[in-house]
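Marked as domain 'Galactose-1-phosphate uridyl transferase N-terminal' by TrEMBL: 7-174. Per TrEMBL, UDP-alpha-D-glucose binding site is recorded for 26-29, ALA59, 75-76, ASN151, 157-159, GLN166, 312-313, 317-318, GLN324. Annotation comment: TrEMBL describes 30-59 as region 'Disordered'. Among the features that TrEMBL reports, compositional bias 'Basic and acidic residues' is placed at 34-48. Under the heading active site, tele-UMP-histidine intermediate, TrEMBL lists HIS164. TrEMBL lists 182-332 with the feature domain 'Galactose-1-phosphate uridyl transferase C-terminal'.
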Amino acid sequence: IAPIFRAPHLRYNPLRDSWVLVSAHRMKRPWKGQVEKPSEDSVPRHDPNNPLCPASTRANGEVNPEYDSTFLFENDFPALQPDAPDPGSDHHPLFRTKAARGVCKVMCFHPWSDVTLPLMQPEEICKVIDKWAELIEELGPTYPWVQIFENKGAMMGCSNPHPHCQVWASSFLPNEPALAERCQRAYLQKHGEPMLLEYARMEAQAQERVVVENEHWLVVVPYWATWPFQTLLLPRRHILRLPDLTSQERNSLASIMKRLLTKYDNLFEVSFPYSMGWHGAPTGHYLKEDMNHWQLHAHYYPPLLRSATVRKFMVGYEMLAQEQRDLTPEQVSPPQSGHDTYWGTLTLCGWASGWTPQLANPLVLAFC
């Protein structure tokens with residue numbers, strides 16, 4: 001680590017207009033806190049009692065088709081409803097309410113429960129990407145925000161191991177996208193270039209925090225990362241939304257997603273838990289506005305810190321003061337640039353392209 005970064009310091013997150021406290025020395029402290037249970041090694045390929053499997057009956061009594069690719073359906077327990085009533089006008093500035101309407105969908109990636117995205121073939125991942133783009137086109141004209149997200153693993157609150165994601169389209173712009181909207185707009189006005197387009201170019205040149213890259217895409221541990229192995233997936237050209245991707249860029253995206261997620265799995269030799277989601281330019285009435293300050297990107301937020309069973313907790317100081325991380329983004333980046341890493345090559349080689357871990361599943365080894 002550069003000497004200046006060995007001491008506690010703050011890093012600015014331009015997407016959120018906030019600061020992150022980086023305390024690189026804290027990884028040396030002993031850990032006697034909570035240890036998570038190892039993830040289940042065996043998931044049945046098909047479970048007739050699993051409501052996400054083909055031909056299974058869901059909670060509302062509907063029977064899934066015998067699907068052989070992606071499968072989309074309305075969430076049986078939606079957080080948003082298209083006909084939710086208006087709560088009425090505000091009577092005091094401290095007690096404000098607004099209408100919240102929308103739709104929630106569930107999308108299965110694959111008919112098998114024992115596969116995840118890194119174990120799928122690139123052409124299968126392409127079908128997932130195509131469906132994501134279709135959903136933006138279908139729901140975007142009606143709703144200003146369409147949030148595509150995946151919670152993978154019980155550690156991230158996923159209640160079903162079947163490979164799937166969720167899509168929530170809302171009549172309002174949620175907090176995080178609203179903040180990203182304001183920050184990216186202000187950056188373009190001040191600097192004359194979209195924030196994340198410039199950022200991707202600078203990270204590609206520096207090669208300090210790059211995890212994986214190809215002709216069209218770049219994955220980095222962001223300079224302002226909060227979660228230990230957080231990554232940011234960025235296109236190299238200016239793109240506003242998923243439907244704007246060319247077929248070549250979609251194939252390239254499938255490839256880089258597979259490579260990234262395989263590296264995650266290899267890092268601690270476990271099916272790596274995370275929450276991920278896409279952020280693109282808002283839709284709805286924003287489709288008629290100039291949104292060139294936006295750049296399409298995806299966030300990956302994995303909770304693991306020291307091992308497959310020790311996670312990062314966002315509590316105490318993080319809840320009451322500000323975000324804090326225990327090691328620098330450079331420490332968890334692949335050592336391709338030759339810089340020192342806190343954990344050394346034994347642990348961090350999971351990011352490296354040449355490492356072949358002894359995993360039980362040969363499919364993972366095949367794509368290292």
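Cβ atoms are placed via backbone N, Cα and C, with glycine included.
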Neighbouring CB atoms within 10 angstroms of the CB of GLU318 (UDP-alpha-D-glucose binding site), all protein chains considered, total 16
Whole-number Å distance separating the Cα atoms of LYS312 (UDP-alpha-D-glucose binding site) and the residue listed as 'active site, tele-UMP-histidine intermediate' is 24
If you measure between the CA atoms of ASP76 (UDP-alpha-D-glucose binding site) and HIS164 (active site, tele-UMP-histidine intermediate) and round to the nearest Å, you get 14
Cβ-Cβ distance under 8 Å, sequence separation of 6 or more, same chain as CYS158 (UDP-alpha-D-glucose binding site); the residues meeting this, in order, are ASN151, LYS152, PRO273
Counting every protein chain shown, other Cβ atoms within 10 Å of the Cβ of ASP76 (UDP-alpha-D-glucose binding site) number 13
HIS164 (active site, tele-UMP-histidine intermediate) to GLU318 (UDP-alpha-D-glucose binding site), Cα to Cα, whole Å, comes out at 30
Whole-number mean pLDDT, the domain 'Galactose-1-phosphate uridyl transferase C-terminal' (182-332), equals 93
Around the Cβ of HIS164 (active site, tele-UMP-histidine intermediate), other Cβ atoms found within 10 Å total 20
In all the protein chains shown, the tally of other Cβ atoms within 10 Å of the Cβ of LYS312 (UDP-alpha-D-glucose binding site) is 20
